Amino acid sequence: CNFSLYFLLEVERKIRANDREYNSSFKYATNSIKTSKYNPFTFLPLNLFEQFQRIANAYFLFLLILQVIPAISSLSIQSLLISEKWMNVQVGDIIKLENNQFVTADLLLLSSSEPLNLVYIETVCCEPPNNRLDRFTGTLTFGTQKYSLDNERVLLRGCTLRNTDWCFGLVLFAGPETKLMQNCGKSTFKRTSIDRLMNILVLFIFGLLALMCIILAVGNGIWENHAGSKFNAFLPREENTAFSAFLTFWSYIIILNTVVPISLYVSMEVIRLGNSYYINWDRNMYHARTDTPAEARTTTLNEELGQIKYIFSDKTGTLTQNIMTFNKCSINGKSYGQDQSHMHQHKTPLQQSNMDFSFNRLADPKFFFYDHTLVEAIKLELPDAHAFFRLLALCHTVMAEEKKEGDLVYQAQSPDEGALVTAARNFGFVFRSRSPETVTIEEMGIQRSYELLAILDFNNVRKRMSVIVRNPEGKLSLYCKGADTIIYERLHPSCSELMKVTTEHLNEFAGEGLRTLVLAYKDLDEEYFSEWKQRHHESSVALEDREEKLEKLYEEIEKDMMLIGATAIEDKLQDGVAQTIEQLTKAEIKIWVLTGDKQETAENIGYSCNLLREEMNEVFFVAANSPEEVRQELR
C-alpha cells in the first residue's frame with residue numbers, strides 16, 4: 001500500500017550510486033516479478049469463472065446440484081457418474097496453473113569507454129517509471145558537473161551491449177517498474193469464435209430441452225388429474241397436482257441431461273489438436289534454408305487464423321528482406337547508377353560490368369555498382385563527389401570493428417546506414433573507428449580524424465539526422481541527411497535550381513521502388529557555435545520540456561543548408577511475397593501496409609508485391625503523421 005501510494009505521487013526519481021541506505025529510503029520496487037494469473041486467494045474463484053464461460057459447464061454444475069435433491073433426483077448417489085466425469089474435466093482444466101517468477105531491471109549505462117570513479121557520483125535524477133520505450137529523460141551529477149542522460153544511455157531488459165569489454169551501470173527501474181512490465185497489459189480471458197458458437201448451440205439445445213420438459217410436466221399434470229388418484233393406494237404421491245408437475249419438470253431435466261452433450265467439448269479439443277499437427281507437418285510452411293518448420297503453439301491456432309479479416313503489416317523487413325544495397329545517387333544535379341533489372345538492354349560492356357575498386361585497398365568485395373563515371377569523378381577529385389561520400393562516412397551512428405588490418409565489419413542500427421557507409425567505403429571514404437569525441441575516416445588513402453561535437457539524432461518526427469564536426473584543419477561543418485521534404489524546407493534559397501533537378505532524380509528513383517535520402521551540409525561560425533553549444537548543454541540537462549527545448553535548437557542550426565545530392569537504396573522483396581498476398585486476397589483478407597517511403601516508392605512496391613493491381617480503379621494512399629491526420633484522410 002505504501003509503495004502504491006508513493007508510485008502514484010512520484011514525479012522524479014533520485015538514485016545515488018553505492019548508497020544503498022539512501023536508495024532504500026524511497027521504497028523503490030525490488031527486481032522480483034510474478035507473471036502468474038493467480039495467487040492462493042484468487043486461484044479458485046478466477047479459474048472457476050473462466051471455466052464457466054462455457055455454458056455447458058455451468059449447465060452440468062446446475063445439474064449436479066439438482067441431482068442431490070432427493071425429491072427430484074431419479075438416481076442414487078452411486079449413479080452420478082456424469083457429474084463425476086464433469087468434475088474430472090473441470091479439475092483437469094483447473095490444474096493448468098502458471099506461476100512464473102523472474103527478476104528484471106532497466107540499467108543506466110554510465111561509462112563503457114573511460115574509467116569512472118562511481119564513488120563521487122552524487123545523484124542521478126530521472127523521470128519516474130513509465131511505459132515509453134522511445135524516450136528517457138535524466139541528469140547525472142558528477143562532482144560539480146551535470147551530464148545529460150537520454151534513451152541511448154539506457155539498457156532495457158534483453159538488450160545486448162557490444163564493442164566494449166566492460167562498463168559501469170546503475171539500476172534505474174526494477175521489477176514491476178521496468179519498461180517491459182509497464183508495457184504489459186492485464187491478461188484477458190480470450191474465447192475463439194468456435195467457443196462462442198458452441199455456447200450459442202448449447203443455449204439452443206438447453207432451450208429445446210426445457211421445452212420438452214415443460215411438455216412432459218404438463219402431460220404429467222394432466223395425467224395426475226385424470227388417473228393419478230387411482231394409484232395412491234400402492235404408490236403414494238403428491239396431492240398437489242401443480243407442485244407435482246413442477247417436480248416432474250426438474251426430474252426430466254435430470255433424466256434427459258444427455259441431450260446437452262459434454263462430449264462436444266472433448267471432440268472439439270481432439271479436432272483442434274489434430275489440426276495443430278497438420279500445421280506442424282505442412283511442407284509448404286517449412287523453411288529449408290534455416291531448417292525451420294511451422295510450430296502451432298496453441299491448439300486453437302487454426303480457427304483463430306480463420307477469423308482474420310485484416311492484416312496490418314510493416315514494409316521493411318516484413319514484405320522486404322531488409323538487406324539494403326546502394327543502387328543509385330544524385331550528386332550536384334547528375335544522376336549515377338544503372339537499373340540492374342534492365343542493365344543488359346542498350347548498355348555498353350563497360351556499363352554492364354561491376355566497377356573496378358582496385359584503387360581502394362579497403363573496398364568491400366561484396367559491394368556492386370554499375371556506373372563507372374562515378375568512380376572516375378572520385379579519381380578526378382571532383383569536390384561535390386568527395387563532399388557527398390565524406391558526408392556518408394561521417395553522418396551516422398555505425399560502429400566499426402577491425403579484427404585484422406583491412407578487415408572491417410560495420411554494425412549499424414539500421415541496414416540503411418550500413419549500406420550508405422559501405423558505399424562511402426568503396427568510393428574511397430572509409431569509416432575506420434569512432435570514440436565519444438572523434439570519428440576517424442580514411443579519405444582516398446589518407447587517415448583523418450574529425451572532432452565529433454554534436455549528434456542531432458534521427459526520430460520519426462524530425463525525419464533527419466545531423467552531426468557537427470571539426471575537421472583536422474579546424475573548420476566547423478554540419479552534415480545532414482533525411483527525407484526530401486524535410487531537408488528541402490531547410491535549404492538556402494540559392495539551392496532552388498539544383499533542388500529542381502534533384503527532385504526529378506528522386507522521382508525517378510522512387511518510381512523504381514528505391515528508398516531515398518537527401519544530403520546537405522552547412523559551414524558554421526566558431527563564435528556562434530560556441531554560444532549554441534552552451535545553450536544545447538543547458539537544454540540537454542533540463543528535466544522539464546527537454547525534447548521541446550532541444551528541438552528548437554536543432555531547428556535553429558539546421559537551416560540555410562547547401563544541397564549536395566541524394567541516395568537511392570534498394571530493399572528487395574522477400575521470396576514468395578507476391579504469391580502470399582495473392583492467396584490472402586483470394587481469402588478476402590484486407591491488407592494494410594505501413595511505410596515511411598515516398599508515395600511513388602510505396603506505389604511501386606505495392607504493384608510489385610500484388611498488393612495493388614492494374615484492374616484496381618480506386619487506389620488511394622493515406623499520407624499522415626498522426627492518428628488525427630489519418631482520420632481526416634479517411635474521411
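Positions of Cβ are set from backbone N, Cα and C atoms, glycine also.
Remember, TrEMBL labels are computer predictions, not curated facts.
Note that the structure is a prediction, hence the values are computed from the model and not measured.
As recorded in TrEMBL:
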DOMAIN    15-76  domain 'P-type ATPase N-terminal'
TRANSMEM  58-77  transmembrane segment
TRANSMEM  200-223  transmembrane segment
TRANSMEM  243-266  transmembrane segment
ACT_SITE  D314  active site, 4-aspartylphosphate intermediate
BINDING   D314, K315, T316, E417, F458, K481, R515, T595, G596, D597  ATP binding site
BINDING   D314, T316  Mg(2+) binding site
Got a sec? Which of these recorded positions, D314, T316, F458, R515, G596, has the most Cβ atoms within 10 Å? R515
Roughly how many Å lie between the Cα atoms of G596 (ATP binding site) and the residue listed as 'active site, 4-aspartylphosphate intermediate', rounded to a whole value? 10
Restricted to the domain 'P-type ATPase N-terminal' (15-76), the mean pLDDT of the model is 80
Just to verify a number: CA distance, F458 (ATP binding site) to the residue listed as 'active site, 4-aspartylphosphate intermediate', in angstrom, no decimals. 19
The rounded CA-CA distance in Å from R515 (ATP binding site) to D314 (active site, 4-aspartylphosphate intermediate) is 15
What's the longest C-alpha separation between any two of D314, K315, T316, E417, F458, K481, R515, T595, G596, D597, the listed ATP-binding residues, in angstrom? 23
Within the domain 'P-type ATPase N-terminal' (15-76), count helix residues (DSSP H, G, I), strand residues (E, B) and coil residues, in that order. 27 helix, 4 strand, 31 coil
